């Protein structure tokens, strides 16, 4: 059986909500893929003046994405730097904490419970792109190729950069760790250089966590929000295959129009976007992935 269904699953699971400073809508669609391996989190007002949103794109199975979806917020809230409002450090430490938990016997057991197939070993991992809004400051932590794009002055202000093995800095680390990059893949296998999970690539006891073939350590980008910032578009890589960032923002803005933004309108914008991106068939290979997007509207 190949990676694709004979007909796409167009049904969407959409969730929306509102906080003090944001309105959000999150929508996911399995699409042409045989299984759904995306996951996401959405927590407006997790504590006073802080909202957190995240997308996790699984590979090699759904289990790591589901594990991170379950544990990320709890671990972030427990983090000492989070409590001290040192959010950049808190995000970095929480990404690394996910791998620490996955390496425990309890974590391995929980992963097994999430798995679609009954095997003892897991070779799964996931990307992670997490946006944290504190008052007028936006932080985006990223490991992998999921993305966050800020709509600023009706143009795209990119809040993350993909981590690909053929990037010079990433490739150098991989080679220092004893690996190689072939056809844009680590050791000819994984087309990401940073991810949560993928523990078989993180097993060299002589190397620190940020020196392994694959690392969970995120880049964190920070920006001060302005009145010209309208919304954040977050998505797994399937959302970004067919349209560029400016085209994606234009599509959302067209749906929003000049109407007051509500949960229902934002949900429609998210769902319409996924419909627009879904390929009519699998011949080209793009528009065929699982798709998850979160739209976070910034109240004025």
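Positions of Cβ are set from backbone N, Cα and C atoms, glycine also.
A quick note: this is a predicted structure, and the numbers were derived from the prediction, not measured.
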One of 99, 281, 289 listed by Swiss-Prot as binding Mn(2+) 2 at the site of 57, 237: 289
Reported mean pLDDT - the domain 'PPM-type phosphatase' (23-298): 94
Around the Cβ of residue 57 (Mn(2+) 2 binding site), the count of other Cβ atoms that are within 10 Å: 28
Reduced DSSP assignment, residue 237 (Mn(2+) 2 binding site): helix
Mn(2+) 2 site, defined by 57, 237, 289: further same-chain residues with Cβ within 8 Å of the Cβ centre: 38, 127, 145, 146, 236, 238, 239, 241, 290, 291
